[in-house]
Amino acid sequence: MASSMAIDILHFTQQYSLYSTSFIFIIGTIGNLLNILIFTTLKIFRNNECVLYVVIEAIANIFQLTTFTLISLLSAVYQTDPANSSLFWCKFRSMMIVLCTLISFFTISCSAFHQYLSTSPLLYLRQLSTIKLTKLLISTSVIISLLFTIPFIIFLEIHASVCAAFNQNMANYISYFYYPVLSGLLPVLVASVFSILAYNNVRRIVRRQIPIVRRRLDQQLTAMILIRTIIFIVLTVPYDIQRMYTNIAKVNQSNLFYYAINTLIGAILATFFNVNYAASFYIFSITSARFRRQVKYILVKKCWGRCKRWFLHSRNQVNPNENLRSPDSSVVLD
C-alpha cells in the first residue's frame, strides 16, 4: 500500500515539476528579455554602472531556466531521468545549474555592493563606483563560478543508475560548502548587508548636492535592488536547507515512501527557488511606478512605434502609388 502511494506521489511530482517549470520558463524568459531590452535601451540606465549586473543576471537566468526546462521535458519524455543513464548529461546539467546559479547570485550581491558605493556619502567610495570596477567584479564572479563548478564535472558519477557524488569529499563539499555557503549564506549575507547600507545612504542623499536626475535614479535602483534581495532571501533559504538535509541524511529509495515525500517537498521548494530566475522584471515592475512608466515607454512608444512605421514603410513599397505616410509622432518617438 505504502509502495503504491509512493509511486503515485513520485508520478505527481514529475507532472508537477514539468508544468511548474514550463510556466516559470515562459514568464521568466519573457521577463529576462524585457529586462535586457529596458536596461540596454534607455539612456538613463545605459550610463549607470549597476545596470550591467542586471543584464548579466538576466542572461544567466535565461540559461538556467532553459536547463531546468530541458531536465523536466526529458524526464517526462523518457519517464526517467536521463542523467541516471548518460554520464555526459549527468555532468553537463549539474555544471550548467551550478554555473548559472553562482553567476546569478554573485551578480545580485555585486549589484548591491556597487549600489552601496555609488550612494555612499564618502567621496572616495563613490569614486570607486566605475564601469571598470563593474567589469572587474563580473569577470571575477564568472571565473570564480567556473572554478567552483569544476568539482561537479570531475566527481559526479553514475552508480546503480543514479547520478550523484559518491566520493565522500565531494559529498561533503556539496552538503557543507556549496549549499550552505556558496549558494546560501555568502550571497544572502552580502546582498542583504549592502542593500540595507545602500538604502540608508539613499535616505540621506537629499542632503548632498546631487543632480535631481541622478538622485531619482539612485533612489529607484536602490529600492529595486533592496526588494529584489528580500525576495531572493525568502526564495533561496528554504530550498538550500532542504537540499542540505537531503544530502546529509542521505535520503534514497531504500525507504520509497519517505523518499517520495522528500522528493515532493523538494519539488515544491525548487519551484519557489526557480522563481528567483524569473522574478526580477516583475519585482521591479511591482515595486517601482517609475520603472512601469519606463517599460510602457519602451514597449508602446519605441517598439510598437517602430513596428508600425516598418509596416507602413513596407506597404509603401508594395503600393508606391498610394499616398501613405508615417504619423508625425515618429519625431516624438525618437
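Just so you know, glycine gets a Cβ as well, placed from its N, Cα and C.
What TrEMBL says about this one:
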type     : residues : note
DOMAIN   : 31-284   : domain 'G-protein coupled receptors family 1 profile'
TRANSMEM : 16-38    : transmembrane segment
TRANSMEM : 50-74    : transmembrane segment
TRANSMEM : 94-116   : transmembrane segment
TRANSMEM : 136-156  : transmembrane segment
TRANSMEM : 176-200  : transmembrane segment
TRANSMEM : 221-239  : transmembrane segment
TRANSMEM : 259-284  : transmembrane segment
Comparing 16-38, 50-74, 136-156, 221-239, 259-284 for Cβ pairs under 8 Å with the transmembrane segment (176-200), the winner is 221-239
Six or more residues beyond either end and a Cβ under 8 Å away: which residues meet both conditions relative to the transmembrane segment (50-74)?
17-18, 21-22, 24-25, 28-29, 32-33, 35-36, 39-40, 81-83, 89, 93, 96-97, 100-101, 103-104, 107-108, 110-111, 114-115, 118, 131, 134-135, 138, 221, 225, 274, 276-278, 280
Distal contacts, the transmembrane segment (16-38) - CB-CB under 8 A, six or more residues away
45, 54-55, 58-59, 61-62, 65-66, 68-69, 71-73, 75-76, 264, 267-268, 270-271, 274-275, 277-282, 284, 291, 294-295, 298, 303
Check the transmembrane segment (221-239) against each of 94-116, 136-156, 259-284 and return whichever range has the most CB pairs under 8 Å.
259-284
Can you tell me which parts of the same chain pack against the transmembrane segment (259-284), counting only residues 6+ beyond its ends and a CB-CB cutoff under 8 A?
5-7, 9-10, 12-13, 16-17, 20-21, 24-25, 27-32, 34-35, 54, 57-58, 61, 64-65, 68, 100, 104, 224, 227-228, 231-232, 235-236, 238-239, 242-243, 246, 251-253, 291
Could you pull the average pLDDT for the domain 'G-protein coupled receptors family 1 profile' (31-284)?
89
